[in-house]
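Colleague: I am attaching a structure below and will ask some questions about it afterwards.
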Amino acid sequence: MKLTMVLSVAFATLTFANEGILTFEGLGLARRQTICHTPGGSGCRASISGDQCCCTSCTPEDCSDLCKNGKQAAHEAQKQKKCAKCCNAGGESHELCCSIASAGIDCNPCTAGLRMC
């Protein structure tokens, strides 16, 4: 009985000491593929939600490439959304707003230091 308790404590300590085991990223590719919701279809495909990327029927290399490219595309879409919000807020030209929004500057040209107000 004492040996069982000692082993239980030892394994629990090892598990919690390695925080990667407790995170989604710490799971192996095969395990991630079974718990992720991915779009239907066949072949290697990925589903991205926030910082989590799930792959189905992919090699680790293909999954990594899909997730990297997908996250970049999601970031670009977010920039375009910010651009559209900026233009709708002030009625400025699309080119001006997008250059401001893409640079991460405040969308309001007046507070961004541009003299057009």
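Glycine too: its Cβ is placed from the backbone N, Cα and C atoms.
Since the structure is predicted, the reported quantities are computational estimates derived from the model, not experimental observations.
Feature annotation from Swiss-Prot assigns signal peptide to 1-17; the stated evidence is sequence analysis. Positions annotated as disulfide bond by Swiss-Prot, on the basis of a curator's inference: CYS36-CYS87, CYS44-CYS55, CYS53-CYS58, CYS54-CYS98, CYS63-CYS83, CYS67-CYS117, CYS86-CYS97, CYS107-CYS110. Annotation source Swiss-Prot lists region 'Chitin-binding domain' at 87-117, citing a curator's inference.
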Colleague: Starting from the Cβ of CYS44 (disulfide bond), draw a 10 Å sphere and report how many other Cβ atoms land inside it.
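Modeller: So the Cβ neighbour count for CYS44 (disulfide bond) comes to 15.
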Colleague: Reported as an integer number of Å, what is the Cα distance between CYS63 (disulfide bond) and CYS53 (disulfide bond)?
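Modeller: Roughly 9 Å, rounded to the nearest whole number.
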Colleague: Among the disulfide-bonded residues CYS55, CYS67, which residue has the fewest other Cβ atoms within 10 Å of its own Cβ?
Modeller: CYS67
Colleague: I need the nearest neighbour of CYS44 (disulfide bond) among the disulfide-bonded residues CYS53, CYS54, CYS58, CYS67, using C-alpha distances.
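Modeller: Minimum Cα distance from CYS44 (disulfide bond) across CYS53, CYS54, CYS58, CYS67 lands on CYS58.
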Colleague: On the three-state reduction of DSSP, what should I expect for CYS67 (disulfide bond)?
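Modeller: Note: CYS67 (disulfide bond) is helical by DSSP.
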Colleague: Check the Cα-Cα distances from CYS67 (disulfide bond) to the disulfide-bonded residues CYS53, CYS54, CYS55, CYS58 and tell me which is shortest.
Modeller: CYS53
Colleague: Give the number of CB atoms, excluding that of CYS53 (disulfide bond) itself, located within 10 Å of its CB.
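Modeller: Around the Cβ of CYS53 (disulfide bond), 21 other Cβ atoms lie within 10 Å.
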Colleague: Report the mean pLDDT of the predicted model across the region 'Chitin-binding domain' (87-117), rounded to a whole number.
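Modeller: Taking every residue of the region 'Chitin-binding domain' (87-117) together, the mean pLDDT is 56.
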Colleague: For CYS44 (disulfide bond), what is the secondary structure state per DSSP, taken as helix, strand or coil?
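Modeller: Once the DSSP labels are grouped into three classes, CYS44 (disulfide bond) ends up as coil.
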Colleague: Should CYS58 (disulfide bond) be counted as helix, strand, or coil on the basis of DSSP?
Modeller: coil
Colleague: Would you mind checking how many other C-beta atoms are within 10 angstroms of the C-beta on CYS54 (disulfide bond)?
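Modeller: Taking every protein chain into account, the count is 22.
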